[in-house]
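First comes the structure, then the notes that go with it.
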Amino acid sequence: MLILLNRLRVWLDRLNFLIGGIAAYGILFACGAITWAVVGRGLFGMNTIWELEASVYLLIYAAFLGLAYSDRAGSQIAIDILRVRFTGKARLAHRIVLDSIALVLFSLLFWSSLEMVLNAWHTQWRSMSLWGPPLWIPYLAIPIGTAILIINLVLDILIRLHGQAVPADALQGEH
C-alpha cells in the first residue's frame, strides 16, 4: 500500500509542478495585460476594457491553482513554536493533525465554491463590465485548486498514517 501511495505522490508532485508553472505563466500574462493597458491608454489613447478584469481573473487562477504547488514547496508561513519541540512520532502526529484541519477547511471551501460555480453556470451570471465574461469561468479556479490541494492533503495524511514522512517535509520545509 505504501509503495502505491508513494507512486501517487510522485505523480501528484509532477502535476503540482505543471499546474504551478501554468499559474506562473498566468501571472506573467496578467502583468503583460496590465502593462499593455497602461501603455495603450497612456501613449495611444486606446480604450481598454478587458485588461484589468482579465488580469484579476488570471491572478485568481494563479492563486488557487498554485495552492498545492505552494503547499508542497513550503511557501506558506510556518510557525515553528510547537513543531521544533516535537520529534519522531510526535512530529508526525502534529503534521497529521494540521493536515487534517487544513483538509476540513479546504473541503468546506471546495463545497462552497462548487455551489458558487454551479449557481453562476445555471443563472448565466456575467460580469457587469463592458467585456462581460461569464463568471463561472473565473470562479472555476477555486474548486479546481482546492480539489487538487485536498487530494494532496489526503495522500500526505495516508502516507504519514503509515509512519513515513512525506519527502517534501525534509527537502522543502513544513507548515
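Each residue, glycine too, has its Cβ placed from N, Cα and C.
Per TrEMBL, the feature domain 'Tripartite ATP-independent periplasmic transporters DctQ component' maps to 31-158.
Residues or ranges marked as transmembrane segment by TrEMBL: 15-39 (among others).
Per TrEMBL, transmembrane segment is recorded for 54-71 (among others). If one looks beyond the transmembrane segment (54-71) by at least 6 residues along the same chain, the residues whose Cβ comes under 8 Å of a Cβ in the stretch are 12, 16-17, 19-20, 22-24, 26-27, 29-31, 33-34, 131, 133, 137-138, 141-142, 144-146, 148-149, 151-153, 175.
The transmembrane segment annotation in TrEMBL covers 92-114 (among others). Here the transmembrane segment (92-114) has long-range neighbours at 82-83, 86, 139, 142-143, 146-147, 149-150, 153-154, 156-157, 160-161, 163, 165, 169, 174-175, meaning same-chain residues at least 6 beyond its ends whose C-beta is under 8 angstroms from one of its own.
As annotated by TrEMBL, transmembrane segment applies to 134-155 (among others). If one looks beyond the transmembrane segment (134-155) by at least 6 residues along the same chain, the residues whose Cβ comes under 8 Å of a Cβ in the stretch are 5, 8-9, 12, 15-16, 19, 56-57, 60-61, 63-68, 71-72, 99, 102-103, 106-107, 109-110, 113-114, 116-118, 120-121, 124-127.
The average pLDDT the prediction assigns to the domain 'Tripartite ATP-independent periplasmic transporters DctQ component' (31-158) is 91.
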